[in-house]
Amino acid sequence: MVEDGDTFEENAIKKAETVSRFLNRPVVADDSGLVVPFLGGDPGVRSARYAGPEANDRKNNEKLLKELEGVTGQGRDAFYVCVLALKIPGEEPRLVRGECHGRIALEPRGDQGFGYDPLFFLPEYGKTMGEIPPELKNRISHRAKAFQGLIRLLREMYPPEGGGGI
């Protein structure tokens, strides 16, 4: 599916609505990426294609480092975004958003994860996403926060009876 929206929200809704309509079932879809405010929000919704049509993780990381060459301090602030769209047939889509804030490192470090993880430095841990164990990443990442939000949303929509439930 072509991700041609201008926002993570637009792309997530497009995916959820398309698949929900096809299946006539509830669907959760996501869109995610990296935002660097100093670069006007780039890579943003085009994070996977940042270096062009033949982009891959290495090329995207190289382009990002080149764009930030000579930039220091808050200019290297960045955050990952994950937007989840819940589409239930006959209802408007519902959205939840998770963010993970950090900085772009001067060079890649670590071989865990994928994408921009070797460049995404987490000051509170003194490591990049590429250096932390998957168990930690799965607790603190933008996706983890978005899914925690989805669980809260589902609990509001479907309150547990007798203390059970989600």
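Using the three backbone atoms N, Cα and C, a Cβ is placed for every residue, glycine included.
Residues near Asp31 (Mg(2+) binding site) in space but far in sequence (CB under 8 A, at least 6 apart, same chain), listed by position: Glu3, Gly5, Phe8, Glu9, Asn11, Ala12, Lys15, Val45, Cys82, Val83. Annotation comment: TrEMBL describes Glu3, Asp31 as Mg(2+) binding site.
Look at TrEMBL and you will find Asp31 tagged as active site, proton acceptor.
Less than 8 angstroms from the CB of Ser32 (substrate binding site) sit Phe8, Ser47, Tyr80, Val81, Cys82, Val83, His142, Arg143, each of them six or more residues away in the same chain. According to TrEMBL, the substrate binding site annotation covers Ser32, Phe114, Gly115, Tyr116, Asp117, Lys137, His142, Arg143.
Fewest Cβ neighbours within 10 Å among the binding-site residues Glu3, Gly115, Tyr116, Lys137, His142: this applies to Glu3. Residues Leu34, Tyr80, Gly113, Phe120, Met129, Ser141 surround the recorded substrate site, their Cβ atoms falling within 8 Å of the Cβ centroid of Ser32, Phe114, Gly115, Tyr116, Asp117, Lys137, His142, Arg143, which are themselves excluded.
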